[in-house]
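J.: Sharing the feature lines straight out of TrEMBL:
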REPEAT    94-126  repeat 'ANK'
REPEAT    127-152  repeat 'ANK'
REPEAT    161-193  repeat 'ANK'
REPEAT    235-267  repeat 'ANK'
REPEAT    268-290  repeat 'ANK'
REPEAT    305-337  repeat 'ANK'
REPEAT    338-370  repeat 'ANK'
REPEAT    480-505  repeat 'ANK'
REPEAT    546-569  repeat 'ANK'
Amino acid sequence: MNFSREVTRQTSCYTYVIEDEDPALARLHVFKLAEKGDLALLENLVSKSPEVLSEKDECGASPLHHAAAGDHINIIQFITTVRDSQDLNSCDDQGNVPLHWAAERNKAESCRALLDLGANPNILNMALMSPLHLAVSHGHNNLVELLLSYSATDCNLQGDLGNTPVMLACSINNCEALSTLLKHGARLCQQNKLGHFPIHAAAFAGAKKAMEVILTAGEKLGHQTEVHINYSDKSKSSPLHLAVRGGNIEAISLCLATGAKVDQQQNDRSTPLHLACTQGATEVVKLMLSSFDQVEDIINLTDGACQTPLHRATIFDHTDLAEYLISLGADLNSIDCKGNSPLLLAASCGAWRTVTLLLSKGANVNVKDRSGCNFLHLTILQPKGLKNLPEEVLQSGAVKALLSCEDNEGCTPLHYACRLGIHDSVKNMLGLSGQVGLSCKSKDKKSALHFAAQYGRLNTCQRLLETITDSRLLNEGDERGLTPLHLASKEGHTKVVQLLLRKGALFHSDYKGWTCLHHAASAGYTQTMDILLSANLKLLDKTDEDGNTALHIAAREGHVAAVRLLLAR
């Protein structure tokens, strides 16, 4: 490459070559020179190409950004002289001005120079952080003092979610920055958009020392500590609520020691005790209750869902905590807004250790939820069904009595197990109840066999049919006259259809005259139709109450393959 002129400077660290005829290289060099602080070469470059100072790098940053990051005061002064201070508040692609770059990199001299030149210290970048926010969050406390020494700096500037620098200092336990901010007049009780006060931010972060600074400063300003520690945010959460969510035992202890109310309820009426029980934080719960004079007044306090702390502990199978609450008088049979007792809630959540505990403590097994389900219904709905319960529980008389209990739809636990095809649970229940459960009907007059056939549960059907001694159950119709064979045919469960036929299922018509072939044809299940016709070809000519054969039905529904099959027969 030919050059009209070449300027070279070497040091122990770098070499620069400035080429008058290569503008792209000149643009590249201007950022390097600004960051390295080479004033002589930068002056030379600018004298030949003044426009390079208005260039932006791939991040949208100007040479002044790079000079600030490098802490080169002479470069900053040179650029602002040439550019007449217009770059002082220019933003990169992230909204950062040169003062942001200097603050983030802890460049005190750059910060001072920029501020002296008139840089605005209150510009928020795209993350809604000012240079002061950055200095606080990075722990650059010398810069915090420096920035605050300039009257233009707003120490209460709100950033993301309305968080002030005080909030940030509290959230990272930066007590030095916090004290500096308060010394310079930062507001102690300014809320963010969530309604959090600084004491909330410190409590959630587990910043015990920051909490102490805040409370002490509050006392000096007339905020009584016992009142301050119970300030509410927009959701009516206290610092203790936030401390429990954060899980720091020291912050929780400080809240309690300074007068935090254990029974204070947030908008959903949850107390800090409810939150701790949800987490299974046994030590926190013990700490809270040891600070409360009348435990019986809070142990059964309900939240907005009418759930007690014991309900909350059962959800995630916190057995040790549940046992502790019970020992203090927690109500075993308290009902929430959905009709769930702790036992029902534990069963519906698969909290099996807690289920066993509650049963051993005498929980009422006859309680039903709003759907009429007892704990056995809910147990069936969980993976593994009755296998989740110890044998001694299943053998108890109280539990055996639940086998014939119906929900609001008239379904027993056996109906549930048959619908889901939980073979082991079906086997267990049949062993416990014998024929009793088989004869129970739902409100629409479906037996357990109806459910198993309808949902294609082959093994369950096999087990039920092995147990049935009354053959009428095989051919009984529901409220619409549908037999198990009708239901299996309607859903195209070919193997179940074959099983029912082998066991002697009859070709009844339902109450509107449809045979099992009508039902199979209506859905276009040709394999099922073929099995039925192989067993009884006369089904072809059977008509419903409107005179329709299965062929009429298949044609009406547009099932071409079914029509062809019927015509071929």
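Using N, Cα and C of the backbone, Cβ positions are placed for all residues, glycine too.
Unlike curated records, TrEMBL annotations are generated automatically.
Just so it is clear, the model here is predicted, and its values are computed rather than measured.
Give me the structural setting of these features: burial, nearby parts and distances.
T.: Within the chain, the repeat 'ANK' (94-126) has long-range Cβ neighbours (under 8 A, six or more residues past its boundaries) at 59-62, 64-73, 76-77, 80, 85, 87-88, 132, 134-135, 138, 140, 142-143, 146-147, 150, 152-154, 157, 159.
Taken through DSSP, the repeat 'ANK' (127-152) splits into 15 helix, 0 strand, 11 coil.
Remote same-chain residues near the repeat 'ANK' (161-193) are listed as 130, 132-133, 135-137, 139, 141, 144-145, 148, 155, 199, 201-202, 204-211, 213-214, 217-218, 221, 223, 231, 233 (criterion: CB distance under 8 Å, separation of at least six residues from the stretch ends).
Residue counts for the repeat 'ANK' (235-267) under DSSP (helix as H, G, I; strand as E, B; rest coil) come to 17 helix, 0 strand, 16 coil.
Under DSSP, the residues of the repeat 'ANK' (268-290) split into helix, strand and coil as follows: 17 helix, 0 strand, 6 coil.
Shown for the repeat 'ANK' (305-337): DSSP residue counts in helix, strand and coil, namely 16 helix, 0 strand, 17 coil.
Within the same chain, residues 305, 307-308, 310-311, 313-319, 322-323, 326, 332, 376, 378-379, 381-383, 388-390, 393, 398-399, 402, 405, 407 sit at least 6 positions outside the repeat 'ANK' (338-370) and bring their C-beta atoms closer than 8 Å to a C-beta of that stretch.
Long-range neighbours of the repeat 'ANK' (480-505) within the same chain, counting only residues 6 or more positions beyond its ends whose Cβ lies under 8 Å from a Cβ of the stretch, are 444, 447, 449-450, 452-458, 461-462, 465, 471, 474, 511-512, 514, 516-517, 519-520, 522-523, 525, 527-528, 531-532, 535.
DSSP states for the repeat 'ANK' (546-569), grouped as helix (H, G, I), strand (E, B) and coil, give 17 helix, 0 strand, 7 coil.
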J.: Could you pull the average pLDDT for the repeat 'ANK' (480-505)?
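T.: When the pLDDT values over the repeat 'ANK' (480-505) are averaged, the result is 97.
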J.: For the repeat 'ANK' (480-505), what does DSSP give as the number of helix, strand and coil residues?
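T.: Grouping H, G, I as helix and E, B as strand yields 16 helix, 0 strand, 10 coil.
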